[in-house]
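So that you can see what the record holds, here are the features copied from Swiss-Prot:
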REGION    1-27  region 'Disordered'
TRANSIT   1-39  transit peptide
COMPBIAS  1-18  compositional bias 'Low complexity'
DISULFID  CYS163-CYS299  disulfide bond
Amino acid sequence: MILLSSSISLSRPVSSQSFSPPAATSTRRSHSSVTVKCCCSSRRLLKNPELKCSLENLFEIQALRKCFVSGFAAILLLSQAGQGIALDLSSGYQNICQLGSAAAVGENKLTLPSDGDSESMMMMMMRGMTAKNFDPVRYSGRWFEVASLKRGFAGQGQEDCHCTQGVYTFDMKESAIRVDTFCVHGSPDGYITGIRGKVQCVGAEDLEKSETDLEKQEMIKEKCFLRFPTIPFIPKLPYDVIATDYDNYALVSGAKDKGFVQVYSRTPNPGPEFIAKYKNYLAQFGYDPEKIKDTPQDCEVTDAELAAMMSMPGMEQTLTNQFPDLGLRKSVQFDPFTSVFETLKKLVPLYFK
C-alpha cells in the first residue's frame with residue numbers, strides 16, 4: 001500500500017480453506033515498528049549535502065478523471081507534497097533517507113484491546129480478510145515487497161520501484177492498521193517517495209449501503225479497504241491479506257480484479273525459490289505467475305544507518321500531506337475551476353518569491 005502499497009479483491013476468491021499455503025523455510029522475523037517518512041536521496045556525497053523531501057510523482061495526474069484536473073492542479077501546488085524541503089546534513093551518508101522517528105525502532109509490544117467495541121472491531125477485521133483468523137497485531141511490523149503485479153490506478157507511479165517496503169502498525173484505539181509505504185525510484189540511489197494510509201474494515205450496517213448484488217449473493221459481510229485520509233482525491237482501495245504466516249511471508253491483494261497483488265517477505269532477499277513458490281501459490285487464486293514481477297531489493301542501507309536516519313527531524317507533515325503555512329501578507333483568492341491559468345499565475349509568486 002507507496003505507493004499504494006502499499007495495497008484486494010471485493011469479491012472473495014476461491015475459498016482459502018481449499019488451499020494450504022506452502023510452508024515457509026525462513027524463520028527470521030522483523031518487528032520494526034518504524035514510521036516511514038519520505039525523502040529524496042543524494043546521488044553523490046557532497047560537502048554540505050541536501051535532503052529534499054517530496055511526494056511528487058507518486059501518482060500520474062493523467063490517471064485521474066478529467067473533471068478533477070483543474071482542481072487537482074491547485075491542490076498539488078498548494079500541498080506539502082508539491083514542495084521540496086531541504087535540510088542541511090552533517091552526516092556522510094550517500095543515500096540519506098529520512099524514514100521516521102528513532103523512538104519507534106524496536107519490537108512491536110502491542111496488546112489486544114479489552115473493551116467490547118474494540119473487540120468487535122477486531123473480530124470484524126479478522127473476518128474481513130481471506131487469511132483465516134487474521135491477526136492484525138502479528139501482521140504488524142516491517143514487510144519487504146519481493147514481487148508484485150500492479151496494473152491500473154493502484155499501481156500508478158510504482159513501475160520503476162526498488163526496495164519497496166511497508167511498515168504496518170495496529171492502532172488499537174481506531175481498530176485500524178496504519179500503513180507507511182515507500183520505494184526508491186529508478187535505481188538503488190534514486191529518489192524516495194512515500195505515503196501513509198489506513199486499513200479499516202466495513203461492518204454489516206455500512207456494507208449494505210455500498211455492496212453490489214454479486215456481493216450480496218455471495219454473502220460477503222465484511223470488507224477491508226485502504227484509505228488515504230489526508231489525500232481526498234485518491235479513492236479507497238480494497239485491501240485483503242490472502243494468506244500469511246506472520247513470520248516469513250504475506251500475500252496481499254489491492255484491487256477489485258486481479259490487477260494488483262504483492263508478495264511480502266520479512267527479509268529483503270529471501271531467495272528465488274521463495275519468490276517462485278508464492279507466485280505459483282497465487283495461481284490458485286486466479287493470478288498469472290508470469291505477470292508477477294520481482295521487486296529489486298538492492299538498496300545498501302544497514303540497520304544502523306536506518307536507525308541513524310530515523311533520528312533526524314521528522315517530516316510528518318510531508319507524509320500526511322499537511323498544508324504548510326505560506327506566510328502570506330494578504331489574502332489570495334483562488335478559483336481553479338473557472339480559470340486554471342489565473343490560479344497558476346497567483347501560485348507561482350508564492351513559491352518563487
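Any Cβ shown, glycine's included, is placed from N, Cα and C.
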Taking every protein chain in this structure into account, which of the disulfide-bonded residues CYS163, CYS299 has the most other Cβ atoms within 10 Å of its Cβ?
CYS163
According to DSSP, does CYS163 (disulfide bond) fall in a helix, a strand, or coil?
strand
